[in-house]
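**Student:** Please see the structure below; I have some questions.
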Amino acid sequence: MFGGHSFDVGYVMRHPVFLVTFIIAIPSWIIAFAGQCAAEAKYSSSNGRTPVAGTLWFNIWLQLMLTVSLAISSDDLALHRFQLSIFLAIATALAVGGVEFIFQTPGAYIAIGVGWLLLTMVNLVWIVYLTSEEDTFLYNVLNSGGNGGLSSHNRRIGTSVQRRDETPGYGGGEMGLGNSMGGMPRGISSNTINSGGYGGGYAPASMEGTPQKVTSVTRNEYGHTGVQSPGIDESVPRPQRAKALYAYSASPDDPNEVSFMKGEILEVVDATGKWFQVRTPAGVTGIAPSNYLVLL
């Protein structure tokens with residue numbers, strides 16, 4: 001979940017459900033924690049063997065861990081949502097015991113009950129959101145106004161991604177796709193031209209280095225050139241493909257990203273790093289988070 005990323009509240013700020021629940025959860029945790037401290041200081045047994053809060057002390061730290069984990073969650077939240085849901089269910093079950101303090105007379109007890117009542121409601125919203133599958137009614141309701149749901153906000157701190165316009169390179173008398181293309185065949189080389197022909201393969205296109213198939217051209221001994229009929233070159237490896245595990249919405253802040261639906265098959269141009277360079281079925285080339293894809 002943390003993935004080496006620095007702290008960024010962008011995901012929370014961009015999602016209405018998370019924003020509202022965090023506004024409620026943080027003060028509620030403080031109220032519950034302060035109430036437990038006050039109750040222990042004033043009403044616990046003199047020998048300290050009979051605490052007032054009991055198991056709520058375990059739950060208060062579990063709740064803090066879950067709140068912080070969701071607050072610093074990145075674009076791979078979807079991969080950890082089931083684990084988070086399990087711990088949230090445990091925290092909710094324990095929190096119900098803390099709600100009973102709301103019926104007591106001392107002010108510290110009432111504070112404990114109010115704090116845990118609000119935290120219980122927040123936990124239930126989080127559980128419903130994290131466990132709802134896409135295209136369901138509850139998911140669409142809780143995700144209204146967000147940027148792509150569990151994949152809404154993306155971060156790539158520490159990730160080096162080569163742009164498409166930087167892909168074509170020149171060196172050693174050869175023009176072709178750079179090493180970042182992940183094993184794709186070279187394009188047109190000066191050695192091939194001098195020897196009297198162009199080898200069939202992938203060559204850089206005129207627009208943003210998109211690989212395109214070129215027709216094999218031969219030259220006979222009299223200098224005449226002839227075009228062979230295009231066919232499948234068995235020596236050229238087929239491009240790698242990947243299946244989308246989750247739907248992803250491209251960030252409006254990065255024009256290099258591409259959007260795709262769950263289950264779509266994408267053509268992988270570069271499979272190195274945390275961000276793959278892919279081509280969608282619509283022919284759009286850009287980058288996509290690798291943890292949302294599985295190579296076929």
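Even glycines carry a Cβ here, placed using N, Cα and C.
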**Student:** Report, based on Swiss-Prot, whether T50 and A288 occupy the same side of the membrane.
**Tutor:** no
**Student:** What are the helix, strand and coil residue counts for the topological domain 'Extracellular' (103-109) according to DSSP?
**Tutor:** 4 helix, 0 strand, 3 coil
**Student:** Look over the recorded stretches 15-35, 52-72, 82-102 and say which has the most C-beta pairs under 8 A to the transmembrane segment (110-130).
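**Tutor:** When the Cβ pairs under 8 Å are tallied, 82-102 comes out ahead.
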**Student:** Within the domain 'SH3' (237-296), count helix residues (DSSP H, G, I), strand residues (E, B) and coil residues, in that order.
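**Tutor:** The composition, in the requested order, is 3 helix, 27 strand, 30 coil.
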